[in-house]
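Visitor: This is the structure, below, for whatever I ask next.
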Amino acid sequence: MAQEDAVRCLRCLLYALNLLFWLMSVCVLGVAAWIRDTLNTVLTLTAHTRLEEAAVLTYSPAVHPVIICVCCLLIIVAMVGYCGTLRSNLLLLSWYFCSLLVIFCVELASAVWTYDEPSVQRADMISLKFRMPNYGLQRYQWLTQTWDSFQMQFKCCGVIYFTDWLEMTEMEWPPDSCCTNQYPGCARHAHHHDLSDLHQEGCGPKIYSFIRGTKQLQVLRFLGVSIGVAQILAMALTLTLLWALYCGRQFQELDSEVTPGLPEDSTSIAATNGTTTDASKSGCGRMTKGRTETSAAEAQLKDPQVEMEWLNAAG
């Protein structure tokens, strides 16, 4: 009964861990996709600068293809582990354990390989100004759309201040994406009438803060560590469950080989002849030994002399 309760407890814990794997893997994929859009915009604006290298070093562990593939594979492995736990299938549980071990090693190797501390300073933001003269040119439409998208998303204008557009380009006023309330010609109207209608903060500090780390990146790091800890715990529980199921099946096989219908006081007679079964012993090997001793006791009971002694004692 105690062994059955232990197996039931292990199965419940594995159910919970597999559900946790599904939830955390989906969260990692969602947050990584969210960061990836902004990261692509930042990489476009900071191309061929030190800021690009710093951004890659910071976010490559979070949006690396290996990590994305591992999360997708972990969802499938968790489903296999759930089925193996539900059916108490030793083969599926063994495959589940090996898969978790391989995934954990890949995650650890990827984290060590991609880990590097970025070196970036605020003075590097000035290099973004050299990307501004291409704004609005026909062959740089992709850069124009990137600038507009970043300024609207982060509510900023220019690199340090909105006047950067006037200094680095031939424009007489900033782009309309700098307006707090956007409509066609809003930047021209704000430039001549009310400058407060333009975003006053530059995009340089926004990019610097993004490269140094965002809340989304911290969430991804926390999820990555949590998944690793949960995998270690799941592997330990799976090994324990495999051992319990294997020993339970060995016990059932030995029990099925024992001849039924022993006398009620066969234990005392077996003890008189020096063969006892220690029911209080635990472990797969000890249960096997106990079954062997019981079989020896039954063999002695089949002896005619022992049977006559038992009949005389009963009379």
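Cβ atoms here come from the backbone N, Cα and C positions, even for glycine.
Found this in TrEMBL, in case it helps:
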TRANSMEM  12-35  transmembrane segment
TRANSMEM  62-83  transmembrane segment
TRANSMEM  90-115  transmembrane segment
TRANSMEM  222-246  transmembrane segment
REGION    257-301  region 'Disordered'
COMPBIAS  265-280  compositional bias 'Polar residues'
Visitor: For the transmembrane segment (90-115), find every same-chain residue at least 6 residues outside the stretch whose CB is under 8 Å from a CB in it, and list them.
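Guide: For the transmembrane segment (90-115), the far contacts come to 60-61, 64, 66-67, 70, 73-74, 77, 80-81, 83-84, 224, 227-228, 231-232, 234-235, 238-239, 241-242, 245-246.
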Visitor: Quickly jot the same-chain residues contacting the transmembrane segment (222-246) by Cβ under 8 Å, restricted to those at least six beyond its ends, or write none.
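Guide: Sequence-distant neighbours of the transmembrane segment (222-246): 3, 6-7, 10-11, 13-14, 17-18, 20-21, 24-25, 27-28, 31, 61, 67, 74, 81, 85, 88, 90, 93-94, 96-97, 100-101, 103-104, 107-108, 111, 284.
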Visitor: I need to check the long-range neighbours of the transmembrane segment (62-83): which residues 6 or more away from its ends have a CB within less than 8 Å of a CB in the stretch?
Guide: 14-15, 18-19, 21-22, 25-26, 28-29, 32, 35-36, 39, 89, 92-93, 95-96, 99-100, 103, 106-107, 110, 114, 217, 220-221, 224, 227, 234, 238
Visitor: What else in the chain is close to the transmembrane segment (12-35), if you only count residues 6 or more beyond its ends and a Cβ gap under 8 Å?
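Guide: Hits for the transmembrane segment (12-35): 59, 62-63, 67-68, 71-72, 74-75, 77-79, 81-82, 85, 214, 216-217, 219-220, 223-224, 226-227, 230, 233-234, 237-238, 241.
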